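A.B. asks: Can you keep this structure in mind? I'll have questions shortly.
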Number of protein chains: 2
Amino acid sequence: MLRIITQWSEATSELRRICDRTHDDQVVHKEATVREVLQAVKRQGDRALLAYTLEFDQQELAPEELKVSPLELEAAYSQVSGELIDAIRLARKQIEAFHRQRVPKSWVHFGDDDVVLGKRYTPVDRAGLYVPGGKASYPSTVLMNAVPAIVAQVPKIVMVTPPGKDKAINPAVLVAAQEAGVTDIYRVGGAQAVGALAYGTETIPKVDVITGPGNIYVTLAKKLVYGTVGIDSLAGPSEVLIIADHTANPTHVAADMLAQAEHDAMAASILITTDAILARKVVDEVEQQLVDHPRRTLTEKAIAHYGLIIVVETLEAAAELSNEFAPEHLELEVADPWELMQNIRHAGAIFLGDSTPEAVGDYLAGPNHTLPTSGSARYASPLGVETFLKHSSVIQYSPIALQKVASAVDILATAEGLHSHANSIRVRKDSLLNPEP
Amino acid sequence: MLRIITQWSEATSELRRICDRTHDDQVVHKEATVREVLQAVKRQGDRALLAYTLEFDQQELAPEELKVSPLELEAAYSQVSGELIDAIRLARKQIEAFHRQRVPKSWVHFGDDDVVLGKRYTPVDRAGLYVPGGKASYPSTVLMNAVPAIVAQVPKIVMVTPPGKDKAINPAVLVAAQEAGVTDIYRVGGAQAVGALAYGTETIPKVDVITGPGNIYVTLAKKLVYGTVGIDSLAGPSEVLIIADHTANPTHVAADMLAQAEHDAMAASILITTDAILARKVVDEVEQQLVDHPRRTLTEKAIAHYGLIIVVETLEAAAELSNEFAPEHLELEVADPWELMQNIRHAGAIFLGDSTPEAVGDYLAGPNHTLPTSGSARYASPLGVETFLKHSSVIQYSPIALQKVASAVDILATAEGLHSHANSIRVRKDSLLNPEP
C-alpha cells in the first residue's frame with residue numbers, strides 16, 4: 001500500500017500533489033464562517049465566546065469560568081505522573097537552552113562624521129499562544145510556543161485552549177504552561193479564541209502576536225487577523241521527508257514515517273532512497289508496524305494517500321527532489337549526512353543520522369518543533385525568539401554629516417516629486433549656514 | 001487647521017482613530033475583485049496579465065513586451081541626469097553598507113555526548129519586488145527592496161512595475177534597479193502582478209517571497225497569496241510621529257510633518273510636545289510652508305484629517321502615547337534623544353535629534369525605509385536581509401545522547417498518545433542494545 005516510484009516525472013508530480021494537499025476550494029466557504037465568528041467576537045466580546053463555545057465545544061461556561069483558576073492550575077500537578085513532570089522539565093530546560101543561543105541583541109554602529117546607525121530589539125508587549133484541544137492537546141506544543149516568548153522577555157503571555165468534556169483542560173498542558181512560566185490561561189478555542197486574542201474582550205486581553213497550531217478554522221482565523229496582529233505562520237498538516245542510502249535501517253525509517261503519519265490523515269511521509277532493496281524493506285516494515293498500531297485506521301489512511309517512496313540514482317537527485325518539496329522535517333539517514341546537507345536549500349528542521357529520529361526534535365532536543373509546512377520552508381523559518389521580538393532602526397546624523405548628503409537627498413526627493421522631503425533638508429541647511437545664537 | 005489637543009482622553013481616542021484609518025469595510029468588496037484577478041492569473045497566465053493591463057492601465061501589450069528589454073534598460077541612463085545617477089549610487093552604497101551589518105550567519109553548537117545543534121541560514125531561491133507606478137514610482141523604493149535581496153544572495157530577483165503612458169517605465173526606476181543589480185523587470189502592476197509572482201506565468205517566474213509597497217489592491221493581493229509565498233508586510237499609508245520639547249525648531253518640525261503629509265491624503269503627521277508655544281509655532285509654520293506647496297490640496301487634506309498636535313506635561317507621557325500608536329517613523333526632537341529612546345517600545349525607525357530629518361533615512365542613511373505601518377510596529381520590523389533569508393534547525397544526536405533521553409521522549413510521546421513517536425525511539429534503543437555486526 002506504500003507506493004514505490006522510480007520515474008522522475010511521476011516523482012515530481014506526486015510531490016507537487018502532496019505539497020498542495022491543503023489548497024482545496026472548500027477553504028473559501030469556511031472563510032466566510034470564520035469571518036462571521038471574528039466579527040461577532042469583535043462586537044460582542046465574551047458573550048460571543050460563550051455562545052460559540054456552547055455551539056462548537058458543547059460546553060456551557062459562565063464568563064468567570066473562561067479563565068482557568070489557580071486551584072485548577074495547582075490541581076493539574078496531582079493529575080499527571082511524576083515522571084511526566086520530570087520529562088516536561090527536561091524538555092523545558094533543553095528548549096530554553098537552545099533558544100537562548102544567539103538571541104538578537106541591539107547594536108549601534110558609529111560611522112564617519114558622528115553618524116550613528118543601529119537596530120534596537122524589543123519584545124512585543126503581549127503574546128497569545130493557541131493550544132489545540134482534543135487529541136492534539138499536547139504539552140510539547142505549550143513548551144515550544146511559551147519558552148521562546150519567555151526567552152524574548154515578553155511582559156504578558158496568555159494562552160487559549162478549548163475546553164474538553166466537563167470544561168476540563170488537559171492537565172499535562174496546564175503543567176507544561178506553568179513549567180514554562182505561563183499562568184494566564186483561557187478556556188476557549190477555535191476561530192473565536194483567535195478573535196479574542198486579536199481584538200480583546202472583557203476577559204481576554206488583546207495581544208500583539210498570535211502563535212500556535214490549530215485546525216483549518218484556527219488557521220483561517222489567523223490569516224484573517226494578520227495585519228491587526230502578527231502571527232507565527234499558517235500551519236498545515238505535518239510532513240516528513242527522509243533521504244536514505246543503503247546504510248539506513250529500514251525498521252527505523254519505517255518507524256519515523258509512521259510517527260508522522262499517525263498525526264492525522266493529511267500527514268505526509270516520504271522516503272527518497274538510492275537503494276531499491278531498502279525501499280522494499282521499508283514497505284514491509286511499515287505494514288508490520290501498522291498491525292498493532294492504536295491509531296491504525298487514521299495512520300493507514302495517511303500512508304495510503306500521502307505516503308510515498310521514490311527510488312533515485314544519486315543522493316544529489318534526492319536532494320533536488322527534497323528542495324522542490326521543501327519539507328517541514330527532513331531526515332538524512334545516509335553515511336555522511338553533513339556532506340549531503342550542503343545540497344539542501346529548504347527544510348524546516350534537518351535531522352542528521354540514524355540516532356536522530358524526528359521524535360527527539362519533536363520533544364526535547366531543543367530546537368522548535370513549530371516548523372514551516374506545505375512547502376513554506378522555501379521562505380519561512382521555525383518559530384523562535386525572533387517571533388516575539390521586533391526591532392527599530394536607529395538613525396542619528398550630525399549637522400556636518402547632514403550637510404554632506406544634503407544635495408544628494410535634495411536631488412533624489414526632487415526626482416520623486418516630493419517637495420517637502422527636499423524642503424526638510426533645505427530648512428536645516430539654512431539654519432546650519434545661519435545658526436541661531 | 002492643524003488641531004492642538006491637550007486632553008489625554010481625547011489624545012488617545014484621536015490616535016486610535018488615526019491608527020485605524022485604513023480598517024474600512026470597503027476592503028471586503030475589493031477583496032472579491034482581487035480574488036478574481038488572482039484566480040484569472042493563476043488559470044490563464046500571461047493572457048490575464050495582458051487583459052488586466054489593458055483594463056486597468058490602459059496599455060495594450062504584446063506578450064513579448066511584458067519584459068523590459070536590454071535596450072530600454074540601457075536607454076534609461078540617458079534619460080536621467082548625471083547628478084541623479086550619482087545620488088542613486090551614493091544611496092545604494094550606504095544602504096548596502098548598513099544591510100551588510102550583522103547578517104545572520106549559520107552556526108552550530110556542540111553539546112555534551114556529541115550532540116550538535118544549530119541553525120543553517122539560506123536565501124530564498126527567487127524574490128519578487130513590487131514597485132508602484134504613477135506618482136509613487138520611486139527609485140528609492142527599488143533600492144530599499146533590491147539591495148537587501150542582493151545582500152542576502154538571492155539567486156534570482158525579479159521586479160514588476162506597471163507601465164505608464166506609452167508603455168514606459170520611469171527611467172530613474174530602471175537605473176536604480178540596474179545599480180542595485182536587478183535586470184529581470186516586467187511591465188505589469190496591480191493585483192495581477194502579485195498573482196504572476198505568486199503563481200508564475202509563461203513569462204514571469206513564480207517567486208518565493210514578494211516585497212514592496214502598493215495600493216490597496218496590491219496589499220490585498222499580497223495578503224491573499226500569503227501562505228503560497230512569503231510577503232514582507234501589509235503596507236498601509238505612511239505616518240510620522242514627532243516628539244519635541246522646547247529645544248525643537250518649529251520650522252524643521254513643520255517641514256518634517258509636511259514631508260509625510262505630501263505622500264498621500266491618508267498619510268498621518270503627529271506632533272507630541274511638552275511645549276505649548278512650540279505647538280502654536282508649528283501650526284503657523286505648517287500654514288506658511290503649505291502656501292507654495294506643489295501638492296497643496298492633497299497635503300492639506302492629509303493634515304486636516306490625519307494631522308494632529310498633542311501637548312503633554314512630560315516626555316514620559318509623550319513616549320507613552322507614542323508607544324500606544326507604534327509609529328512607522330518616530331522623530332525625537334528633544335534635548336537628549338538617547339535618554340528618551342529608553343522609553344520607546346514600538347517604532348519602525350527612530351530618528352534622533354534635529355540633524356536627522358526623516359528624509360535622510362528615506363533616501364540614503366542606510367536603514368530600510370520599508371517600515372511597519374498602522375501600528376504594526378507593535379510586532380513587526382523593517383524590511384531587511386532577513387526578509388530574504390530563512391533558516392533550518394540542525395539536529396544531530398549520538399547513540400549515547402539518544403539513549404540518555406530515550407525514556408523522557410517515550411514518556412512524553414506516550415502521554416500525547418503518539419505511539420509511533422515512542423516507537424521510533426524504542427526501535428533504536430533495541431538496536432543500541434543489540435548492535436548488528
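Even glycines carry a Cβ here, placed using N, Cα and C.
Found this in TrEMBL, in case it helps:
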ACT_SITE  A:E328  active site, proton acceptor
ACT_SITE  A:H329  active site, proton acceptor
BINDING   A:Y130, A:Q192, A:N215  NAD(+) binding site
BINDING   A:S238, A:Q260, A:H263, A:H329, A:D362, A:E416, A:H421  substrate binding site
BINDING   A:Q260, A:H263, A:D362, A:H421  Zn(2+) binding site
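Locate each feature and note its surroundings.
C.D. replies: In the three-state DSSP classification, A:E328 (active site, proton acceptor) falls within coil.
Within 10 Å of the C-beta atom of A:H329 (active site, proton acceptor) sit 26 other C-beta atoms, taking all shown protein chains into account.
Annotation for A:Y130 (NAD(+) binding site): same-chain Cβ neighbours under 8 Å, separated by at least 6 residues, are A:N145, A:M159, A:V160, A:T161, A:G189, A:A193, A:V194, A:L197, A:I210, A:T211, A:G212, A:P213, A:G214, A:V218. In the three-state DSSP scheme, A:Y130 (NAD(+) binding site) is classed as strand.
A:E416 (substrate binding site): 21 other CB atoms within 10 A of its CB, across all protein chains.
According to its DSSP assignment, A:H421 (substrate binding site) is helical. Annotation for A:H421 (substrate binding site): same-chain Cβ neighbours under 8 Å, separated by at least 6 residues, are A:V409, A:A413.
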A.B. asks: Taking Cβ distances under 8 Å as the criterion, give the subset of the binding-site residues A:Y130, A:S238, A:E416, A:H421 near chain B, ordered by sequence.
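C.D. replies: From A:Y130, A:S238, A:E416, A:H421, flagged as close to B: A:E416, A:H421.
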A.B. asks: Given a 10 Å Cβ-Cβ cut-off, pick out the one of the recorded positions A:E328, A:D362 that has the most other Cβ atoms nearby.
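C.D. replies: Of A:E328, A:D362, the one with the most crowded Cβ is A:E328.
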A.B. asks: Using a 10 Å radius around its CB, how many other CB atoms surround A:Q260 (substrate binding site)?
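C.D. replies: Total other Cβ atoms inside 10 Å, all chains included: 32.
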A.B. asks: Given a separation of at least six residues and a C-beta threshold under 8 Å, show me what packs close to A:Q192 (NAD(+) binding site) in the same chain.
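C.D. replies: Those within reach of A:Q192 (NAD(+) binding site), by Cβ under 8 Å and sequence separation of 6 or more, are A:V37, A:A40, A:V41, A:A48, A:L49, A:Y52, A:T53, A:F56.
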A.B. asks: Given the binding-site residues A:N215, A:S238, A:H263, which one's Cβ is surrounded by the fewest other Cβ atoms within 10 Å?
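C.D. replies: Lowest Cβ count within 10 Å among the binding-site residues (A:N215, A:S238, A:H263) is A:N215.
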A.B. asks: Whole-number answer please: how many Å between the C-alpha atoms of A:N215 (NAD(+) binding site) and A:E416 (substrate binding site)?
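C.D. replies: It is 47 Å, counting Cα to Cα.
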A.B. asks: Let me know the DSSP-derived helix, strand or coil state of A:H263 (substrate binding site), please.
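C.D. replies: Once the DSSP labels are grouped into three classes, A:H263 (substrate binding site) ends up as coil.
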A.B. asks: Write down the Cα-Cα distance for A:E328 (active site, proton acceptor) and A:E416 (substrate binding site), rounded and given in Å.
C.D. replies: 44
